[in-house]
Structures are given as C-alpha cells and as structure tokens.
Amino acid sequence: MGRKLDPTIKVKRGPGRKARKQKGAETELTKFFLSIRSVAISLLLSYYLHCQLLPIEKAARKQKKQTSVKPESDDDDDEEEEEEDDDEEKEDLKEDEDEEDTVQANFDETEQFKLPGAADRAKEGLLQMDLQTIHQRIRDNVDVLSHFTEKREEGKERSEYLSLLRSDLCTYYSYNEFLISKLMDLFPLSELIDFLEANEIQRPVTIRTNTLKTRRRDLAQALINRGVNLDPLGKWSKVGLVIYDSSVPIGATPEYLSGQYMLQGASSFLPVMALSPQEGESVLDMSAAPGGKTTYMAQLMRNTGMIVANDANADRLKSVVGNIHRLGVTNAVICNYDGRQFPKVMGGFDRVLLDAPCSGTGVISKDPGVKTSKDEADILRSAHLQKELILSAIDSVNADSPTGGYLVYCTCSIMVEENEWVVDYALKKRNVKLVPTGLDFGNEGFIRFKERRFHPSLKLSRRFYPHSQNMDGFFVAKLKKLSNTIPTAPKETGVSINYSSEDEVESTKTETAASSEQIQKPESKQRKPSSTPEKSNMGKKQKLKQKKSEPPIIRKKAGVKSENKKSDGPKKAKIPKLDGEASKKSKKPDIKQKVKELNGDSTKEEKKEKSQLEKKKNKMERKKLLKKNINRMGKNKFRKLKNVLGQQESGQ
C-alpha cells in the first residue's frame, strides 16, 4: 500500500537527530546575532533616509504605495509572497510611526522657535541655504502661527512671522511673492502647505469612455489585456477610468485610435455633468478646444439635437475637428468667432457651457511656469475678459426654453477675482439666478473674501482643489436665466449730477433772454392794434395755450408752426425756449426789427420779404433741433422757465 523503495538505489541520508540538534543550536545562535545586527543597521539607514527625504519625495513615495496594485495569481508561492509583502509593509509603517514619534519627542525637547535677525537674513541673501533647513523653519513658523499667543517670541508681531514665512515659501517652492501672498489669503496655513505640496505631484491619468462606441466594462477588459493597470474613477462618474501604469502608450492603442475613449482630466467631467444636456436640445460650447467637453455632451445627448462648438483660436479648432471625427460625433457644428460678439451671430440656445480662459492657477502641476509668470495685471485682465464672456453667454441663452435656459460657468483657476467676483457681476447685470450644480462633493464658493461681499447664493457654486479631491483646481457655477430682457441701470441720478451745473447756466441764460424780450413786447403791442388788432388777439390766445401745455417737446413744435403762419412776434420769443444756441443767433435780428417797427421805418414790402426769409430760417432751425437732441430743453427746465415768465407777467 505504501511507496515501494528500490533496494538498488542508495539514498544518502543525513545525520541523526542528536547531531542535528547540536548543529541547529549553533547555527541558530549565529543567525540570531546576525539578524539583530542587520535589523539595527536597516533601522538606522531607514531613519537616516527618512530624515533626508523632502516632503515632496515623501508624498511621491506615498502615492506610489497607494497606486501600486498587486498582481493576482492562484499559485501558493504567489500567495505566500503577497503575505510577506503585506507583513513588510506593516512593519515599515510601524517603523515610520515610531520614527515620527521620536522626531516629535526630540522636537518638543528643543528650544522655542526664534525669528532670525536682520544680520542673519542678510547672510541668507548672500549665501545659498539648505532646503532642509528652510523646510524645518517653515514647519516651525506654521506651528508658531497656529498657536501664536502661546509660542510667539516676546516683542515680535504676527506680520514679522508672516513675512518670513512668505519669503521661505517663495524660495522653497519657487513661487513669486504675489502668488504666494494670494494663496496665503485664500487658504489657512496648514492647508496652504498641503496645496503647495500637491502641486508638486502630477495628477493621475484619467480617460473617459465613449459610450457612443463601447461600454466601460468592455473597454476596461480590453485595456487590461494589453497590460494597462486601471481602476474606476469614482462613484460620481460612470464613464471615467484611472490609469496607474501601462506597458503600452495610452494615446496610441487601437482602442484610442478607434475612438473608444478620450484622454481627459477628471475635473473636466464636472461642468458637463452640471450642465446635464438633454436629448434634442441646442447647446453652445463657447470655448470648445480641444473638444473633450463637446464630445462628452454629444454622448450624453446620444448624437441628437445640435451642439455648436465655438473657439476664438482657429489653430486650436483643428484638435476639435480631429476628436469629433475620431469619436463619431455627428450632431456638432464648429465655428470660429469671438465669444464676446457671439450673440450677434446667433442665439436662442437651450444650454450654454462657458469654460472661460483664465490664469491657470489650478493646474500648476501641469504648467509650473504659472508659479513665476503671473502677476496682478494678468489676473485682472483675465477677469475683465471673463465678465464680457459671461454676459454674452447669458445673452445667448433662451430663457423661454421649455427644458433648458441654463448656463454653466467654469474656470481652471482658484482665484476669487476670476470666479465668485465674475458670477456676482453677472447676477447684478442680468436677470439670472444661481441654482445647485448637482455635484455632491467639492467645497462651497465664497460669500465673503477679505473686504468683498458677494451674493449669498454663491454657496451653491463648487470649488475643487488638488490636495482635497486629487484633481486639478476648478470652479463650477450653474446659472438659470429668468427673462430675455436686459435690465438697464438707472442713469438719471448720474446724469443729473454730471450736468447740474450746465443746466443752471443754460436756465439763467434763457431766463435773461426771455425777460429782455418781455420788456420790449408791450411797446410793440401798443402800436400793433392800429394796423392788425385781430392778429394781436390771436397771438395772446396762443401764448396762453402754450403756457398751459405741459409736454415740452411736442407742443413746442406745434406752437412754432402756428406762429409762423399767423404772426411774427411770438416766433422769436419761443426759439430760445427750445434751444440755447438758437436763441443767441436770433437775439440780434429780433431787436433790430422791433426798433424799426417802433420808429415806423419798415414798409409792407420789406415785411413780406422778411417774413419769407424768417420762414426759411425757422425751417432750418427746426431741422437743427431735430438733429441736435442733446440741446433740447427738458421738462424741469421748461417748467422753471414757465414759472419765471408767469411771475414776471403777474408782476407787470
């Protein structure tokens, strides 16, 4: 039943049990001492290396540990190796914790942090400092500022600590002073260090599944078969995948070339999810390049409706065309217009997406040049452009749309001037309101920032940061348009303030002209009844009617026409009421004519010729008055003049 042994084959056996025990004891002792020695050396080396590592390198190591995925296998040897690796990782974590505890204990025993003097700062400017000492000083400074009343040095103010911290952060992380001061205003100090360190690490590579051609499950299986290590992006996205490492280039696989997925950052998913375009709608993507958001909207709409992909840069539209063709989008129209002038081209869209050009302070990990190249002028310039774009985007939306009427505004910046300030400006200038974005995660937008106060509904906007959500810095706000009418700002107060002095001068001129004419009128009236008594009575009746009439512009024109037909006297008195400049021109001939009438020098023929000339002059003056609306009298001036004339007549 047992195994049969071949007697011809001799198997060499080892020593007996006793001999093995003796040899085992000796070897075990030597192994024990050697193991203790190796463990001590490894601990010392790991502690030394841990102390020498910069926080950026530590963060990179932690990310590698987190992203490393263990290969699955069914063999017993592989399972044993995995168990050993887990044990080693646990031991390393314990050692790191012990080292941190010892470092903390040593730090507590050390003396209190003191600010360097002026001489030490001058030496630092001349000599190159070690980054390790600068990093330690940053940590100590942050600790003192977080417990300022307890740990501050006597006689030192908070501003001195902050100025030292600002200069240290500039040298350690290679930022300019303007950007560091902006970030210090934006974040608490502990969160600021996390943000700066997160910007030193690249964000994970993410791809978006094109559901027009495949499903995420099938795409993931195909990429795993090609040696790609990936995972689902998160619960908030049904089409995203995170790629940790790959044996083939991600942008050159057959699946990529056939349009089954697109390389796209995780933060670029958010504005399209907030907009949520429906099937059959007309949607505008005001700055569409390179086409990631446009193609995502097309797959959500299932190639129905219409998408207008616009971009101001014609060179960048080439990538939009390529991606649209590769991904199989058939409901998109590409155009090249300036977004600020787009409402003049077309409008009436159900939904509009505006990914406005910005300073790029949220994508520093992709473009480290932002650290030193941006200043306050760049921020304000981009904010001015964004204000113009958001107004034109609102004007492109149709408020009467049965399913839409929404606008999503987003930027890849974290500056308040480019985000909350712009949205608050749009709320004041147009009939819109903020609505929830539909994104369950992210930080709320600012209602107040330093001396600025924004609309309370800006809490509904969302902010995303690299150190908290592990994606590029982003801002998303969703607006609902209430009406298509553009509200006009009240300009009456401003005009009255600007032009009050001119109005007073003009009113005084007209009053003096009217009073001088009224002095001369009674003399002419005394001599006119002998020749034409009926005309004089008609002129008096017309004057009374005009004084009673309230609307200044319409009734004046009618009065001038009737006077031209019937009598010459009232014409010249009413011209200065309408126009100050015309009154100056008409003063001299009026006085001369009245002097002639008083002296009896004028004849009937001269009167006829003069009446014809005056008619022509009046016609020319009417045309000038119609053209020059600025010089017309307002209601208030006309009423003042009427009251003054009434008082003078009653006094006479």
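Cβ atoms are placed via backbone N, Cα and C, with glycine included.
The annotation active site, nucleophile is assigned in TrEMBL to Cys412. Sequence-distant neighbours of Cys412 (active site, nucleophile) (same chain, 6+ apart, CB under 8 A from its CB) are Ser267, Asp355, Cys358, Gly360, Gly362, Val363, Asp472, Gly473, Phe474.
Sequence annotations record features per position, and here TrEMBL assigns S-adenosyl-L-methionine binding site to Ser287, Ala288, Ala289, Pro290, Gly291, Gly292, Lys293, Asp311, Asp338, Asp355.
Per TrEMBL, compositional bias 'Basic residues' is recorded for 10-22 (among others).
Annotated compositional bias 'Acidic residues' per TrEMBL: 73-102, in sequence order.
Sequence annotations record features per position, and here TrEMBL assigns compositional bias 'Polar residues' to 510-519.
According to TrEMBL, the feature compositional bias 'Basic and acidic residues' maps to 560-615.
The feature compositional bias 'Basic residues' is assigned by TrEMBL to 616-642 (among others).
Sequence annotations record features per position, and here TrEMBL assigns domain 'SAM-dependent MTase RsmB/NOP-type' to 195-482.
Per TrEMBL, region 'Disordered' is recorded for 1-24 (among others).
Annotation comment: TrEMBL describes 60-111 (among others) as region 'Disordered'.
Taken from TrEMBL, the feature region 'Disordered' covers 490-652 (among others).
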CB within-chain contacts under 8 A for Lys293 (S-adenosyl-L-methionine binding site), separation at least 6: Ser268, Pro271, Val272, Asp285, Leu353, Asp355
Among Gly291, Asp338, the most crowded of the binding-site residues [Cβ within 10 Å]: Gly291
Largest inter-residue Cα distance among Ser287, Ala288, Ala289, Pro290, Gly291, Gly292, Lys293, Asp311, Asp338, Asp355 [record-listed S-adenosyl-L-methionine binders, Å]: 20
Local Cβ density at Ser287 (S-adenosyl-L-methionine binding site) - other Cβ atoms counted within 10 Å: 19
Segment confidence, the domain 'SAM-dependent MTase RsmB/NOP-type' (195-482), expressed as mean pLDDT: 94
